[in-house]
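Marked as active site, 4-aspartylphosphate intermediate by Swiss-Prot on the basis of similarity to another entry: D454. Among the features that Swiss-Prot reports, Mg(2+) binding site is placed at D454, T456, D891, D895. Look at Swiss-Prot and you will find D454, K455, T456, E553, F594, K617, R650, T730, G731, D732, R865, K871, N894, D895 tagged as ATP binding site, backed by similarity to another entry. As annotated by Swiss-Prot, compositional bias 'Acidic residues' applies to 1-13, 24-40. Annotated region 'Disordered' per Swiss-Prot: 1-52, in sequence order. The topological domain 'Cytoplasmic' annotation in Swiss-Prot covers 1-133, 360-385, 1056-1069, 1114-1117, 1162-1250 and rests on sequence analysis. Swiss-Prot lists 155-338, 407-956, 1002-1034 with the feature topological domain 'Exoplasmic loop', giving sequence analysis as the kind of evidence. Taken from Swiss-Prot, the feature transmembrane segment applies to 134-154, 339-359, 386-406, 957-977, 981-1001, 1035-1055, 1070-1090, 1093-1113, 1118-1138, 1141-1161.
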Amino acid sequence: MDTDYESTYEDDSQVPNDDVVPYSDDETDDELDSPQTDEPEQNRRNVQAEQSREPVIKECTWQVKANDRNFYDQPEFKKKVFLCLKKSKYAGNAIKTYKYNPITFLPVNLYEQFKRAANAYFLVLLILQTIPQISTVTWSTTLIPLLLVLGITAIKDLVDDIARHKMDNEINNRPSEVITDGRFKKTKWKHIHVGDIIRINKNEFVPADVLLLSSSDPNSLCYVETAELDGETNLKFKMSLEITDKLLQKEEQLAGFDGLVECEEPNNRLDKFVGTLFWRGNSFGLDADKILLRGCTVRNTEYCHGLVLFAGADTKIMRNSGKTRLKRTKIDYLMNYMVYTIFVLLILAAAGLAIGQTFWEAKLGAANVSWYLYDGNNYSPSYRGFLAFWGYIIVLNTMVPISLYVSVEVIRLGQSYFINWDLQMYFSPKDTPAKARTTTLNEQLGQIQYIFSDKTGTLTQNIMTFKKCTINGTTYGDDDDELKSGQTKQVDFSWNPLADPSFTFHDNYLIEQIRAGKDKDVYEFFKLLALCHTVMAEKTDGELIYQAASPDEGALVTAARNFGFVFLSRTQSTITISELGQEKTYEVLAILDFNSDRKRMSIIVRQPDGRIRLYCKGADTVIYERLHPDNPIKDQTQKALDIFANASLRTLCLCYKDINKGDFENWSKKYKQASVATSNRDEALDRVYEAIETDLKLLGATAIEDKLQDDVSGTIFNLARADIKIWVLTGDKKETAENIGYSCKLLDDDTEILYGEDINVHLQTRMENQRNQMSGNQGAQSNQSGAFLPTDKKHALIITGSWLNEILLEKKKRKKKRLKLKFPRTKEEKEQQLHEKLKAYALKEQRQRSFVDLACECSAVICCRVTPKQKAMVVDLVKRYKKAVTLAIGDGANDVNMIKTAHIGVGISGQEGMQAVMSSDYSFAQFRYLQRLLLVHGRWSYIRMCKFLRYFFYKNFSFTLVHFWYSFFNGFSAQTVYEDWFITLYNVLYSSLPVLLVGLLDQDVSDKLSLAFPRLYVPGQKDLLFNYKKFFLSLFHGIVTSLIIFFIPYGAFLLTMGQDGEAPSDYQSFAVTTATALVITVNFQIGLDTSYWTFVNAFSIFGSIAIYFGIMFDLHSAGIHVLFPSMFIFTGAAPNALRQPYLWLTIILTVAFCLLPIVALRFLAKTIWPSESDKIQKKGKKFKAEVEQRAKPKPFARGVSTRRSAYAFSHQRGYADLISSGRSIRKKRASLDAVFDNYPAQITHFTPQT
């Protein structure tokens, strides 16, 4: 056993052995991508009873008692939450995405706000200002701005959380029917409990994970749509136990049901379930086929009844949703680091000035020369220096901008409203506007490097359309260009009373051929479509409704229906169709069902005239291998397939074969033997299928369009031009996902596609090179550090969920084997075990990093058959190893985890419910709006925020550092240059509005030019507009401005006389002069930084200056001094100073020296080193005329491809087994005795323990 333990890590470059190292309970099994066998119920029951009985009992620790809520109050069902407090381990059904409630809002919100370094700093500062020995300014200068910051942020957070409450209530208050007091009563979802019996009606969402007990279907079937879970819109069927379906139909029967279910604990495995139902002294095995998961929608079943097994947070979909993460932007983190940097600068400046105070006191202080400054305190010079340090911390505190965060929140709030109000992102057919569900991430939208997109409902409309076909070498169906130009008319199907009115086709020649009846192959072509399928038909209100295992198959049967070959009904052994009005019944001899390995399906029927014929449809790659050598239309069909593939249509080849009676009887014996094989049944059937599917005659091929949402290709094209890489993560089949990749222009024939096997080779080579390098092989160093792939060709990855398990998931040993491990006893054994663990972790991390490096070299990545957890892990890998900004977009509950994991989560509303929208940061109705969200709103938000921050730091440095220079002339006494009210109002009134408007309204180019030139988006991805370099440039700019603002007035005031013979060089006149020069300078500076001028911008700049003068004259008036003499001490300072022309000349000179060098530098930069934005601004009119031509993508041409995987089968396996078992056929309900007779190996005696 020790050998097994060590061998796990011997060769990590190889594919792990899943027999030894399976995935843990919380991980995805390898069976995810393997075909699922829909065997008849009885076959599975017998196998389970014989083989799985013992382990089921051991693993099932979750107990659910029907109709007995008191059962869950037992002590063994309680879990400790805190100290001695306990709560039930069974979760309620209410979901929660909000963060606060009325009790926790204030403490939690304040805690979150004070986690910001600046807020905590100002709280400490406020406390220091209450100490009179060190404070030279009043505490109100800090308290008022701090309360303003905390209050505005709290209101914004409250508004956001109220919106989350509303969304949660919308879900939690949905109605459901629950057995209460012996009868069904209307109950809200949030009041549903584990153990309740509920009724779910047609087209309703399943509110919890429930055990299907019975349904309106006579065969105990229930059809569900799982689009919210796995993104697939084709219907799946669930089957209840026949015993419960028979006995639990009526209300009183359900109310009396007292069964006990023992099953697995809540987990995130969507396709696995193990449990046992104990009822009436018998036990019945349960599997995933009997479970309805929350998020499914009941379709084509009038009603069904179920027992709630898991509720709320315990449901599988919620287990896949992940935790709500607090998201912050890169600029948030950068701002925090810059605030820390300012803290350091502040401490250094205060310490330096405190040292200066110490030396000044020792040489020139009151005890020596300046006796007139004696304050009565006999403090030593060092102690006075210590007090000065804290005094300067208070005086220079505005280096750390207290209003920074509240200003940022106001700007983000305004930008969010602009997104909400954007009519170009409004989807009128569903009355759905764009919605910014958070107000904290807008500028991050301008820095996206990777987009992770769901496929179903996000890129596609989930609509399959029969577009074209080729029959006997002739192609039917017109091109899109002809349709748009109006050259062809839509086919009129009014002659067919059974035609589907929603079906459209544009080629009247085909309908003429059918109705003429001259071409035998055309007749056989559509007869094949009507016969060779596993679709089930039912009539609802006199209307014929089809239920297909895949939307592709449904589209083909619907096409045959409209062309006059209508599938009407089927039984276990027959299928009835209408052939141009004549009803015919064919005997079904065998159905050779589709799976992902066969890539085809066949049906063998006995025709009314007694002949036996095999009809087959499948991918051209497998059909062509099985054709008879004498097939004259092979080349013509091949050319048509190339044309279809060039248009990204999903193709299927159709063929048939006549079988003589003797050959069929011999084959039938082998088929029956394989059907009842106890081991390797699927392999045996495949071999039998291969034997009969030979020497086929080709009829033609079909072409189905998987409709993309509007302008998906154009959106992806523009995003790619913006250097954004797009990864598609879907739960759908590989072939389907690959086809969509071609349709939306992620892939083309110039792209080399790498699959799992190819990637393994690359990764193994890289890891060998790394080992060689570690062992001293210098020759491998260049390979290890180089690129995986050549740069002269485009590459793409297409990988499956099962392959991803090798990269994403931590693998464990089986529990039964883990118990046999030898525990280390000696110190050496412990060190060896630790070394092995560290080695395994390092190798796993190395493999993950190599995979990410390889994937990021590709132009596109498509991950198919992935679970919600795997989607999130893929996103996390790129975040972790590339440090890139990521965006995830999806529309279903299966995308929630991915949406929460990415830096930005976008929900597509109106497709598959609201769960993705509820968990998203932004939502809208169509994928095409993503380009406007990023290239326009995201880019503008990033530019505005960067410009705002650069200017904000600049104006605060310019304001604060004047105190620093003044200290060298006031004995380092911590005296301020300005009056206290100017310090309080500078960031609130005098300089705040212009920069706020720039943060809200500024735009370097228009929205049309932003979309036409996506390369303008790149600076945000590279953090070019705000980084430490820009920060220190703002610091340097502020230092220079502060020097000019202090020393020019200082020099002008030195030894100067006024017109009245009095010296204007008093402290208050100097304070007024420097303050006036500062306000004018910083407001004109924001004017220089403004790219998009409006009346509001101009008014704010001149209005701020006017407000300054108005307030200053009021505060310096004698009247207010009389009312508050201690608060307003600058009486008459402004009127006396500003009536001197000499001081106005000083102010003008100071402003000119501050601004003229900036104007000159800006002019030189735009002339000599213009940016892309500068070039477009300069030639804006010319570029506007070229927008439409440059924005259009080139026509897509795949060229002739010899390889197509885009065949029209998107499902795992059809309904063949179900049809063969007869459970799909309408029949009378079986008697109770007959039901029990079907459970000979399943039912065992069981005595419930009380």
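Using the three backbone atoms N, Cα and C, a Cβ is placed for every residue, glycine included.
Since we're looking at a predicted model, the values are computed, not measured.
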Which one is it: of the recorded positions D454, F594, R650, G731, whose Cα lies the shortest distance from the Cα of D895 (Mg(2+) binding site)?
D454
Winner by Cβ contact number (other Cβ atoms within 10 Å) across the binding-site residues T456, N894:
N894
Please report how many Å separate the Cα atom of F594 (ATP binding site) from that of T456 (Mg(2+) binding site), as a whole number.
22
What residues in the same chain, six or more past the boundaries of the transmembrane segment (1070-1090), come closer than 8 Å to it by Cβ-Cβ distance?
947, 951, 954-955, 958-959, 962, 977-979, 982, 986, 990-991, 994-995, 998, 1002, 1041, 1045-1046, 1048-1050, 1052-1053, 1097, 1101-1102, 1104-1105, 1108, 1112, 1116, 1130, 1133-1134, 1137-1138, 1143, 1146-1147, 1150-1151, 1154-1155, 1158-1159, 1162
Please work out which recorded stretch in 134-154, 339-359, 957-977, 981-1001, 1141-1161 has the most C-beta pairs separated by under 8 angstroms from the transmembrane segment (1035-1055)?
957-977
Recorded stretch that, among 134-154, 339-359, 957-977, 981-1001, 1141-1161, has the most CB pairs under 8 Å to the transmembrane segment (1093-1113):
981-1001
Would you say the transmembrane segment (134-154) and the transmembrane segment (339-359) are in contact under the rule of three or more C-beta pairs closer than 8 Å, pairs 6 or more apart in sequence?
no
Which stretch, 134-154, 386-406, 1141-1161, tops the Cβ pairs under 8 Å count with the transmembrane segment (957-977)?
386-406
If you count CB neighbours within 10 Å, which one among the binding-site residues R650, R865 has the smallest count?
R865
Please report the DSSP secondary structure of D454 (active site, 4-aspartylphosphate intermediate), reduced to three states.
coil
Hey, what's the Cβ neighbour count for D891 (Mg(2+) binding site) at 10 Å?
31
For G731 (ATP binding site), the three-state class that DSSP assigns:
coil
For D891 (Mg(2+) binding site) and the residue listed as 'active site, 4-aspartylphosphate intermediate', what Cα-Cα distance in Å is obtained after rounding to a whole number?
8
Out of D454, D895, which of these recorded positions shows the lowest number of other CB atoms within 10 Å of its CB?
D454
By a simple count, how many Cβ atoms lie within 10 Å of the Cβ of F594 (ATP binding site), its own Cβ left out?
26
